[in-house]
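Peer 1: Take this structure first; my questions come after.
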Amino acid sequence: MDDLREFAQLFPAWWFGALGVLGLIVGSFLNVVIYRLPIMLERRWRQDIELETGVADPDTRYNLWWPPSSCPHCQQAIAVKDNIPLFSWLWLRGRSRCCHQSVSVQYPLVEVITMLAFLAAGLLWLPGMALWGALILLSFLLVLTVIDIKTLLLPDELTLSLLWMGLLFNLSGTFVSLNDAVVGAMAGYLSLWLLYWAFKYATGKEALGYGDFKLLAALGAWLGWQALPNLVLVAALSGLVVTLIWRGLRKEDTAKPLAFGPWLAIGGVFGMIMNGFNL
């Protein structure tokens, strides 16, 4: 690790170039998770129903690794040369080679955001546990943000994994002490849980989902209980302002469900930046 730190300090251009490339590669994989995980969960749910009803529907194997990447329109396998992060999308001008249908801008956008996030983390931390942890946390938050926007779901497979990883990283006090991390996880979950039930009791409506509780618990495990007030404040204010402006411009129904996960993720990024500056 000391050698890698020395390399980063002696050859910053090479180091940040490598981080940028790593960000593009990881971003490409994050797109796979964003696309496939909701489908995997739906298939699992359908299989559970089939087991209860006794109606079996043979299903092909489907996970993050299989089948190989294919065109979302015609299902033709994507060649390796057309699967290079960002550059393939730009080279093909946002269209698939096989059927010339448009490919969502989400794919290059996620890759670019991941690259920029990795570069920003590299500015805050030298190579070490804190940097690797920051890259993992930022990657999870980006995936959760996009999935929540698209499906209004924050899968347990991601939120609970993120929570346990936060505790593991803080076993050695990478970001905060283990005591602060454990208290942060409990406080994060209970604070939104209490808010949920208080609002439901007062209005009869549900303002949050259980996935939000688990995501805030995970952020508490990474950043400690001290970060939670500012984190929630940033999430609430950014969510309120942007949502009011967005719905006002689009004249959307105010009763339409709102994904709160992305705003918690923004609060988590804010908390991570403050941790990086030791504020």
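These residue numbers are counts, starting from 1, taken along the chain as shown.
The backbone N, Cα and C atoms fix where each Cβ goes, and this holds for glycine too.
Per Swiss-Prot, topological domain 'Periplasmic' is recorded for 1-16, 124-130, and the stated evidence type is a curator's inference. Positions annotated as topological domain 'Cytoplasmic' by Swiss-Prot: 36-104, 150-163, 205-214. What Swiss-Prot records for 17-35, 105-123, 131-149, 164-182, 186-204, 215-233, 237-254, 258-276 is transmembrane segment, and it gives a curator's inference as the kind of evidence.
What's the neighbourhood like for each of these?
Peer 2: When pLDDT is averaged over the topological domain 'Periplasmic' (1-16), the result is 91.
Across the range of the topological domain 'Cytoplasmic' (36-104), the DSSP-based residue counts are 26 helix, 4 strand, 39 coil.
Tertiary proximity for the topological domain 'Periplasmic' (124-130) is limited to same-chain residues at least six positions away from its ends with a CB under 8 Å from its CB atoms, namely 1, 4-5, 8-9, 169, 172, 174-175, 273, 276-277.
Residues 34, 37-38, 41, 137, 140, 143-144, 185, 209, 211-212, 214-215, 217-218, 221-222, 257, 259, 261 of the same chain, all 6+ positions outside the topological domain 'Cytoplasmic' (150-163), place their C-beta atoms under 8 angstroms from a C-beta of that stretch.
Residues 148, 152-156, 159-160, 163, 188-189, 192-193, 195-196, 199, 260-261, 264 of the same chain lie 6 or more positions beyond the ends of the topological domain 'Cytoplasmic' (205-214) yet place their CB under 8 Å from a CB of it.
Proximity of distant same-chain residues to the transmembrane segment (17-35), defined by a Cβ-Cβ separation under 8 Å and at least 6 residues beyond the stretch ends, is recorded for 64, 69, 72, 83, 85-86, 106-107, 110-119, 121-122, 135, 139, 142-143, 146-147, 150.
With a threshold of 8 Å between CB atoms, the same-chain residues lying at least 6 positions outside the transmembrane segment (105-123) that come near it are 8, 15-16, 19-20, 22-24, 26-28, 30-31, 34, 85-86, 89-90, 94, 131, 134-135, 138-139, 142, 146, 276.
Nonlocal intrachain contacts for the transmembrane segment (131-149), taken as residues 6+ away from its ends with a CB within less than 8 angstroms of a stretch CB, comprise 26, 30, 33-34, 37-38, 106, 110, 113-114, 117-118, 121-122, 124-125, 155, 158-159, 161-162, 165-166, 169, 174-175, 211, 215, 222, 259-262, 265, 268-269, 272, 276.
Outside the transmembrane segment (215-233), and at least 6 residues removed from its termini, the chain residues within Cβ reach (under 8 Å) are 133, 137, 144, 154, 159-160, 162-167, 169-170, 175-177, 180-189, 191-192, 261, 264-265, 267-268, 270-272, 274-275.
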Peer 1: Counting only residues 6 or more past its boundaries, what in the same chain has a CB within less than 8 Å of a CB in the topological domain 'Periplasmic' (1-16)?
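Peer 2: Here the qualifying positions are 119, 122, 126-128.
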